[in-house]
Each structure stands twice: as C-alpha cells, then as structure tokens.
Amino acid sequence: MQASAFVLFGATGDLAKRKIFPALYNLHLEGKLPERFAVFALGRKPFNDELFRVHVAESLGRFSRKGKENAAAIADFAARIQYHVLDARDPESYIRLKHAVEKRETELGLPGNRLFYLSVAPEHFGPIAMHIRESGLGNEDGRTRLVIEKPFGHDLASARSLNDTLGRAFPSDDIYYIDHYLGKPMVQNLQALIASNPVLKAVLNNHYVANVQITASETVGVEARAGYYDQAGALRDMFQNHMLQLLMMTARHSEVYDKRKIIDSVYPVNKDEAANHIVRGRYAAGEIEGNAVPGYRDEPGVDPQSNTDTYVAARLQLDDPIWRGVPFYIRTGKRLSEKSTRIVFVFKNPLESHSSEDPVRNYLSINIQPNQSVDFQLNLHGLNGEIQPVPLHFATDAEEVPEAYELLLFDALHGDPTFFAHWDEIELSWKWVQPILEAFEERIVPLHAYPAGSNGPLAADRLLAEQGFAWVEHGQGQAVEEETIGESLAYVY
Ligand SMILES: NC(=O)C1=CN([C@@H]2O[C@H](COP(=O)(O)OP(=O)(O)OC[C@H]3O[C@@H](n4cnc5c(N)ncnc54)[C@H](OP(=O)(O)O)[C@@H]3O)[C@@H](O)[C@H]2O)C=CC1
Ligand SMILES: O=C1O[C@H](COP(=O)(O)O)[C@@H](O)[C@H](O)[C@H]1O
C-alpha cells in the first residue's frame with residue numbers, strides 16, 4: 001500500500017472513538033497500514049498530541065475488536081497520530097494544517113497522498129471540501145481522496161446540491177461515500193455465497209422464491225443523537241441508505257450485476273399510494289431485556305411533539321427478469337425485540353396454500369449480524385405424517401470477523417471503491433424515497449406506535465398478510481393489541 005496521510009475531521013467525536021480509531025488500530029495490528037503513515041486528528045477541543053493519544057488509547061481499550069490490552073501496540077499506533085485544533089469554518093486553519101501536513105510528509109518521506117475523512121455533521125461536508133481545495137491542502141502532487149460519512153443530503157434536492165459542491169472540490173472518482181453496511185463481511189460475500197453454491201443460484205429467482213425479507217432491527221433507541229435523529233427518522237437514517245443498499249446487494253444477479261440498474265428497476269411508489277406500501281412507526285414505552293425504557297417522545301433531546309418515525313417497513317417490486325413478481329419486504333426500526341440484520345428468501349409453499357396462518361416452512365436466512373450465519377429451514381415428515389420444520393444452522397467463528405470500518409478504510413486507502421455507495425445509486429435511492437418523505441410530511445402515511453421490545457407495528461404484519469405472507473421472526477417480541485388514537489394518526493399498542 002502506498003505511503004499516505006490520513007486527515008480526520010471530527011477526530012474527537014463519537015464515530016471516531018467507537019469505529020474509526022479502532023478500525024485503524026486493527027489494521028495496524030494486522031500490518032495492513034502502510035509502513036509510512038501519518039494520522040492528522042482534527043477537532044476544536046483543546047487536546048495536544050499527548051492528551052489526544054491518551055484519549056485514543058482509552059477508546060481502543062473500550063472499543064477495539066482485539067489488542068485491547070496490548071499497551072505496546074497501542075502506544076506504537078498512537079505515536080502515528082498528531083492532533084491539531086481546527087475550526088472547520090476558519091479558512092486560516094486550513095493553511096496552518098497544510099504546513100503541518102507538509103512538514104510531517106517531509107519528515108516521513110511521504111509522497112503527498114492524502115485521504116481526507118469527514119466524520120463531522122453534514123453541514124460541514126461541502127464547506128470543508130471547498131476549503132481543502134482552496135487552501136491547496138488537496139495538493140496536486142499525490143493522490144487525494146475524500147471519504148464522507150452519511151447522511152448524504154436530507155432529501156433528493158439537498159443530496160444533488162451536496163454532490164455538486166463536492167464535485168467542484170474533488171474529481172468524482174476520488175469521492176468515497178461510506179455506507180458501513182457495505183463493509184459488513186456477510187454483505188460483501190453475499191453474491192460469492194450464491195455464486196459458489198449452484199443449489200442456491202438455481203432457486204433464488206421468481207420460480208421458487210415467494211418473497212424476500214430484509215430486516216435491520218435494533219434494540220437501542222435514539223441514544224444521545226436526538227439532535228440529528230429527530231430531524232432524520234428511520235426513513236432517512238437507515239432506509240434510504242443502508243436498507244436500499246442491502247436491497248441492491250441482494251437482488252443483483254449474473255444478468256444484472258450493476259447495483260444502479262437494480263435500484264432503477266424498483267417500481268416507484270407515488271405519494272398518494274404510499275400508505276398502501278409503506279408502514280411507519282414510532283416506539284412507545286416498553287421493556288428491553290427486562291428493563292423499562294421510555295417512549296421516543298420522552299427521550300432526552302426529542303421534541304415532545306415530534307412526529308419522527310423510528311420504524312419503517314415497505315413492500316417493493318422490481319422490474320427485473322429474475323425478480324419480477326416477487327415482493328421485497330424491507331423493515332428497520334429502533335427499540336425492537338432483538339438486534340438482527342438478515343436477508344430471508346422465503347420459498348414458495350409446495351402445498352400452494354396462501355394462508356398466513358401456515359407456518360413458513362422453507363426459507364434461507366442469511367444472517368449478517370450480530371453473528372454471521374446461514375439458516376436453512378427444511379420440511380421433514382414426522383412419524384405421525386405431519387410436516388415439521390427443521391432448521392439447519394451454519395455459523396462462522398465470530399472473533400475472526402473484521403469490523404465493517406476496517407474493510408472500508410483499507411479499501412479507501414487502496415483506492416478501491418467497490419464497496420462504497422456510488423453517487424448514481426445514492427441519487428436513485430433518494431429519487432425512490434422522495435415521494436415517501438413527502439407522504440410522511442403531509443401525514444398521508446399514518447404513524448403507528450409500537451411498544452419498545454416488540455416486533456414493530458401490527459400494520460407491518462398486515463402488509464405481508466395481505467399477500468398471504470408473514471415475517472420470519474427470530475426474536476419473541478411482546479404481544480400487542482390494536483387501538484386507534486387521534487384524527488390522522490393510527491397508533492397501535
Ligand atoms: N456516531 C455514529 O454512530 C454515526 C455517525 N455517523 C456520521 O458521522 C459523522 C460524525 O458523527 P459523530 O461522531 O457521531 O458526531 P459527534 O457530534 O460525536 O462529533 C462531531 C465531531 O465534529 C467536530 N466538529 C464539530 N463542529 C466542528 C467545527 N466547526 N470544526 C471542526 N470540527 C468540528 C467535533 O469536534 P469538537 O467537539 O472537538 O469541536 C467532533 O469531533 C456525522 O456525519 C454522522 O452523521 C454515521 C453513522 C453512525
Ligand atoms: O448508520 C446507522 O447505523 C446504526 C446501526 O448500525 P449497525 O452497524 O449497528 O447495525 C444505527 O444505530 C444508526 O442510527 C444509523 O445512523
């Protein structure tokens with residue numbers, strides 16, 4: 001790998017602490033960073049190098065996947081980091097930073113390759129990119145790249161405007177949009193898994209598959225991110241990016257491998273018909289792992305009158321030769337019964353029964369997290385002649401699974417954009433989501449409440465039951481009853 005400088009805006013923030021530094025440290029431990037490598041950590045907080053290295057060491061002790069107690073390795077890694085106070089809005093700061101970077105590059109004999117990672121709030125993305133360009137920090141000598149964190153815009157128009165701004169500062173090929181779900185090893189291996197198993201390749205199509213279910217459920221609530229989340233909601237926070245990327249990764253196949261073509265093939269849902277295809281929810285008070293937790297509106301920092309969604313389920317159809325006629329059900333939400341991300345292919349019922357009362361008998365579940373595994377549920381005939389579902393479970397050694405950020409940072413340093421979100425996909429995703437956003441804003445789609453610890457609103461079960469299907473659940477979730485409150489909002493407890 002080429003020697004380079006890694007310039008991290010937002011180095012004092014939550015993401016840097018929990019993900020970025022641990023990922024870099026694990027690459028360091030595995031000898032996957034260049035021999036000559038300098039990290040410039042930037043923030044407004046008044047750290048110096050020494051204090052910041054202590055801060056990083058503490059973060060690694062808490063969040064690193066391995067080497068938590070390896071003091072020598074931590075010290076070795078921390079020595080590669082310099083901290084610089086920088087206010088992203090101050091053009092002079094960039095000139096000072098440029099001089100510091102050049103000085104260090106000369107000391108280490110670095111050729112001027114610079115990777116700029118923006119782990120800051122989105123309002124800073126455009127201005128920072130422009131300051132990098134105008135200050136000369138994005139130099140012409142080496143290879144420069146810009147990695148940006150989500151959210152990429154708040155809607156279609158703002159995403160386009162952000163992309164235009166970034167495009168004025170960096171060539172589009174050098175802009176890497178991180179979607180960390182694309183860094184999850186099982187997601188990266190999905191197509192290889194299918195391609196290397198002819199038995200799977202043969203049946204994953206509309207001849208045999210009745211429906212596909214993509215779930216990303218979380219037990220955590222809004223945590224300390226209310227300021228951001230209350231403006232975003234589940235549709236922007238998870239659905240527009242991670243969930244639609246999972247859809248693209250799942251539905252691509254040997255004839256149509258280009259993810260852009262997959263997202264482009266999804267039939268649009270108009271604002272006025274959104275309520276027929278989309279379910280919107282918000283968690284109410286409930287219990288998670290035996291502990292009482294508040295409802296979303298009572299979370300610190302959330303507007304008590306908030307109408308933000310914490311759950312979205314959707315039914316999508318693709319105009320694609322392999323998947324035409326197969327509904328894709330996608331759901332994501334916070335404060336649900338379990339942490340689980342999985343893709344389930346439910347096979348057609350050989351008995352031709354379409355009753356949702358029937359148990360799902362034959363499915364393939366590709367489990368992305370918390371543990372990578374594959375479940376295959378088959379039908380066996382018992383001695384009494386009844387069909388019994390028999391699960392087969394295949395799992396890998398969880399300790400050996402790298403974190404998404406390790407794989408993505410390694411690729412970005414190598415200049416490999418394969419597992420990054422590409423602008424065309426982001427734009428097409430926003431295009432699909434835009435009418436839904438408007439339907440949410442105009443309250444055309446009702447906001448259902450679900451108790452924390454449940455499997456989400458009952459309306460999401462009805463979305464499948466309408467077509468004779470049911471979600472494949474792993475967790476138990478609490479039972480819920482239905483009632484309606486308010487004029488325009490249907491709440492389900
Ligand atoms: N945290 C997470 O789990 C995830 C975060 N993201 C995205 O990552 C990005 C960072 O998130 P997160 O770490 O949680 O945010 P935090 O609020 O924890 O950190 C923000 C960082 O930005 C810095 N910052 C703020 N204003 C300025 C400024 N004017 N000049 C220079 N630096 C500034 C802060 O530095 P200081 O305090 O020193 O001023 C801090 O380092 C966001 O875009 C977020 O959407 C994406 C996925 C998950
Ligand atoms: O991007 C985000 O992802 C996390 C969930 O990530 P995971 O890797 O733990 O599944 C989510 O909690 C957060 O709200 C969202 O911004």
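Every residue, even glycine, has its Cβ placed from backbone N, Cα and C.
Model, not experiment: these values are computed from the prediction.
Site annotation for substrate in TrEMBL covers His180, Lys184, Glu218, Lys334, Lys339, and the matching candidate from Asp155, Asp164, Asp237, Asp303 is Asp237. Among Arg36, Arg44, Arg53, Arg168, only Arg44 appears in TrEMBL as part of the NADP(+) site alongside Gly10, Ala11, Thr12, Gly13, Asp14, Leu15, Ala16, Lys17, Lys150. Comparing Cβ neighbour counts within 10 Å across the binding-site residues Gly10, Arg44, His180, the minimum falls on Arg44. On the 0 to 100 pLDDT scale, the domain 'Glucose-6-phosphate dehydrogenase NAD-binding' (7-189) averages 96 in the predicted structure.
In sequence order, Pro151, Tyr229 are the residues of the chain that are 6 or more apart from Asp237 (substrate binding site) and have a CB within less than 8 Å of its CB.
Checking the recorded positions Gly10, Lys184, Glu218, Asp237, His242, Lys334 against ligand 1 with a 6 Å cutoff on the Cβ atom leaves Gly10, in sequence order.
Residues from the binding-site residues list (Ala16, Arg44, Lys184, Asp237, Lys334, Lys339) with a C-beta closer than 6 Å to any atom of ligand 2: Asp237.
Note on Lys339 (substrate binding site): other Cβ atoms within 10 Å of its Cβ, all shown chains, come to 13.
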